[in-house]
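Colleague: Residues or ranges marked as domain 'Aminoacyl-transfer RNA synthetases class-II family profile' in TrEMBL: B:17-303. Taken from TrEMBL, the feature L-histidine binding site covers B:ASP86, B:LEU87, B:THR88, B:ARG114, B:GLN130, B:ASP134, B:ARG284, B:TYR288, B:TYR289. Under the heading region 'Disordered', TrEMBL lists B:303-344. Summarising the annotation, TrEMBL assigns compositional bias 'Basic and acidic residues' to B:316-328.
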Number of protein chains: 2
Amino acid sequence: MGKKEAKQSFVLKTPKGTKDWEGLDMVIRDKIFSTITQVFKRHGAVTIDTPVFELKDILAGKYGEDSKLIYDLADQGGEICSLRYDLTVPFARWLAQNSSVQSIKRYHIAKVYRRDQPAMSKGRMREFYQCDFDIAGVYDPMIPDAEILRITSEIFEALGWGGNYTIKINHRKILDGIFQVCGVPQDKIRMISSAVDKLDKSPWDVVRKEMTEEKGLDGEIADKIGEYVKLKGTRDVLDKLNSIEALQANESAKQGLADMTLLFSYLETFGVLDNISLDMSLARGLDYYTGVIYEVVTEGSAPPAASNVEGQKVQETGRKEKKEKKPAEDDDDRSNDPTIGVGSVAAGGRYDELVGMFSGKGQIPCVGISFGVDRIFSITKARMESEKAQQLRRTEVDAYVMAFGGKGFTGLLPERMEVAKSLWDADIKAEFLWKVKPKLPAQFKAAEQSGIPYGIILGEDELKAGKVSIKEMGLPEGHPEKNGVLVDKANLIPEMKQRLKQYEEKLASQLSGVSI
Amino acid sequence: MGKKEAKQSFVLKTPKGTKDWEGLDMVIRDKIFSTITQVFKRHGAVTIDTPVFELKDILAGKYGEDSKLIYDLADQGGEICSLRYDLTVPFARWLAQNSSVQSIKRYHIAKVYRRDQPAMSKGRMREFYQCDFDIAGVYDPMIPDAEILRITSEIFEALGWGGNYTIKINHRKILDGIFQVCGVPQDKIRMISSAVDKLDKSPWDVVRKEMTEEKGLDGEIADKIGEYVKLKGTRDVLDKLNSIEALQANESAKQGLADMTLLFSYLETFGVLDNISLDMSLARGLDYYTGVIYEVVTEGSAPPAASNVEGQKVQETGRKEKKEKKPAEDDDDRSNDPTIGVGSVAAGGRYDELVGMFSGKGQIPCVGISFGVDRIFSITKARMESEKAQQLRRTEVDAYVMAFGGKGFTGLLPERMEVAKSLWDADIKAEFLWKVKPKLPAQFKAAEQSGIPYGIILGEDELKAGKVSIKEMGLPEGHPEKNGVLVDKANLIPEMKQRLKQYEEKLASQLSGVSI
């Protein structure tokens, strides 16, 4: 490295739309990732790590006009590559490439890249995380679909969102059947479906206007649709739909309703019906869904001003919103509140024909979900701040080894090192101040800044008597153990293990019911 | 996504020099990462996640002629960016950018990118992992340096390599002092140092020839150097060096020896001296080291044919080897054995002046180490195969819920679902076959293929009596529990928890002493 070159000045920043993750944000994010991963593994999922860039041809023709948002690598000779745009296409490429794999449950939490106009305040980044879970393989109807929804429910329960989220579900075949029964011409079905999809952020009259004025649908047909898409509930809605003869007479609706009835019975067995809302206004824009579709919303969710932190969602609505943004929606831009402008926190569905596009051979039916981890992060962080929950610690250190002494104090460095070593040997996380003669306030400050729960304090006299002091940090004035408890040095490890166990239990009980 | 476009044919592969991580490799790799991370956290380290690409200017002028290996993003308007080449420069950028941070222990395990000629058989990839740990901040001499070596030792012990690795250490100031004392002209010191660095793969007479014939060093001076660089040992070597008056009279050597003497006392306290080899032939090529340098080698290590899986190492020797490759070294190319051609598995040192290059302001002294996780992976995998160690499981699933029955068998799907739900609720990892009427052999096969330790078997008669069967998979013929143990369905969870606890303990005792 030439020092001369390096001394040139340059702008010290990360590229536009990217950020460094650090400090408490990193701790919260890691906890979210590990919570989600634990649930995936509970259901036997494995992970596959694909390269951050793919051959450009693999991505080409997969994202319609959003292809312009793909980051290309420079042509430096050799293959032409692009950064991955999502995790779905690399997974489909992998499945097509590994034709011996006929079934898999895979999860993948990784960064994806979009050359979009970033809006940091709304969480729209150029580099952001996706978290996908997909089941590929031929199984009996609705069983994997039900397990995906069970997994979804387990994840939001594990995140501490119990009672505070709704899984909206619908079925493409029911929806298509409804459109057919209402009289939508076949060639307008996708177009009308995508108009319905906007009902989560626009009132019916706006959507109706789009159907009739922009898309030339007959007003009476639109009104019939309007009656259906109002339907929202659980078994009551399913029973109502099942009782409509016109739907039963429609092949698509009939199949979809049979699927949904089966799914409901499975969801009941899995104990997740309480959080389900069968919602006829849920349409999801992506063309490739072929069966059940779903989207998770949480309290405080608002119309998304931009959707790219929500995984697959961007492919359907993200760009459209940019082009068709209404003045009312621009209001979101004024807010830095991370929970504003955040719509769904997870979304997905069944896509039985996507892998065939890659392999050109047999289809592998798939059903999956994408968790909007950046949104989940923002909401979690905001809730933690508002609930003044137990402060998350920046590090996981259990003990800070300190020393003090009067005149002629040597610093007790070898003794502090030896105690730290014995703690590390026992897998207790420990630090000490890397100074030969540290001052006591500096040691306390270091322990407090990292939120370390225990100080282990060495004094020359105490050491001579074979004792050390364990001090729980942050005890109130007047607490009998405020100045620490003297223990035999030979018993330090069991003494610490016992305290740490109690501390973990206390922490766990404090945190139960609190997000993360 | 337009189906027409997508049906075009394309090559189904990952880009050159990249790979998908999947299956057992992924499981092994994750275990290595979590083992290493656990040690980092034990010492209070935090992680920082920087973007995968940086502004091109940040990387410019950092890698000398290896800059041609940097991957650039295409110029699609806006900032010009490049994929990160290592994790050190982004860390230095972050430190310089966050000037309020005066000290940090940070680790970072992430992919880096080099447009090199890939050699998959030797593990030289264009996308590969680095694992860096660095301590930045002003502390008393050698204390953080000692802790880095303690961490290094803990990691290789945790990986099960105990007794099977050596940490070679040296000090730039000792080495520079030796060169001065031997009479090397000041302007030839770095050049001669880089010749010495080749002693791990070339015999002395080859290195001597390079010094004298290529680099014009006086033969007598070379011979004096030859005496020093033979020195290799522990306290004996340190004592010998300390007793040489010429070195004590040299300012650089004197400082270096004082550091090393202090370091040895700290390493002894930390209990890691056993694995240390003070090695005067260790020089490390990177210009930016200013103090202690180290490199970890393991049994079966051989001269590296290519070094880019080893983190920072590539910056010093990777390219040079390519250009200066001797016929003898080419022999390595014939082998696909991942342990052949693998040199050091970790390397690092103190670099007190690097951050100043970025900030242009104050220096932040740093000491760090980079673990060659791809090499560690290859060696671990090869050892596991050769030791026929307990097979690592592809998934972590604890139980496979099955059903069987005679004529009129319904498949017991709701019952299997309900049992699976109760297992998930108790955080027991469980799967069942997503078929309405599964065949028993298919269920057994699924459980066996994933190495799942327990089957939970439902039969109609047993269920009526409130019983289910727990079957430990893979028991030998004739074992009393070969056909499973009938337990009360109401007691399934505690019964399983108890068995899983025993299973974990058995696994832990089998694995102790085995790599990973």
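Using the three backbone atoms N, Cα and C, a Cβ is placed for every residue, glycine included.
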Colleague: Per DSSP, to which secondary structure element type does B:THR88 (L-histidine binding site) belong, with helix, strand and coil as the options?
Modeller: helix
Colleague: Going by DSSP, is B:GLN130 (L-histidine binding site) part of a helix, a strand, or coil?
Modeller: strand
Colleague: Counting across all protein chains shown, how many other Cβ atoms sit within 10 Å of the Cβ of B:TYR289 (L-histidine binding site)?
Modeller: 25
Colleague: List nothing but the largest Cα to Cα distance in Å, as a whole number, among the residues B:ASP86, B:LEU87, B:THR88, B:ARG114, B:GLN130, B:ASP134, B:ARG284, B:TYR288, B:TYR289 that the record says bind L-histidine.
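Modeller: Among the residues the record ties to L-histidine, max Cα distance equals 22 Å.
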Colleague: Let me check the 10 A CB neighbour count of B:ARG284 (L-histidine binding site). How many other CB atoms are there?
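Modeller: Here the count is 26.
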Colleague: For a quick check of packing: other C-beta atoms within 10 Å of the C-beta of B:GLN130 (L-histidine binding site), how many?
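Modeller: Result for B:GLN130 (L-histidine binding site): 25 other Cβ atoms within 10 Å.
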Colleague: Return the count of C-beta atoms lying within 10 angstroms of the C-beta of B:THR88 (L-histidine binding site), excluding that atom itself.
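Modeller: Neighbour count, Cβ to Cβ under the 10 Å cut-off: 27.
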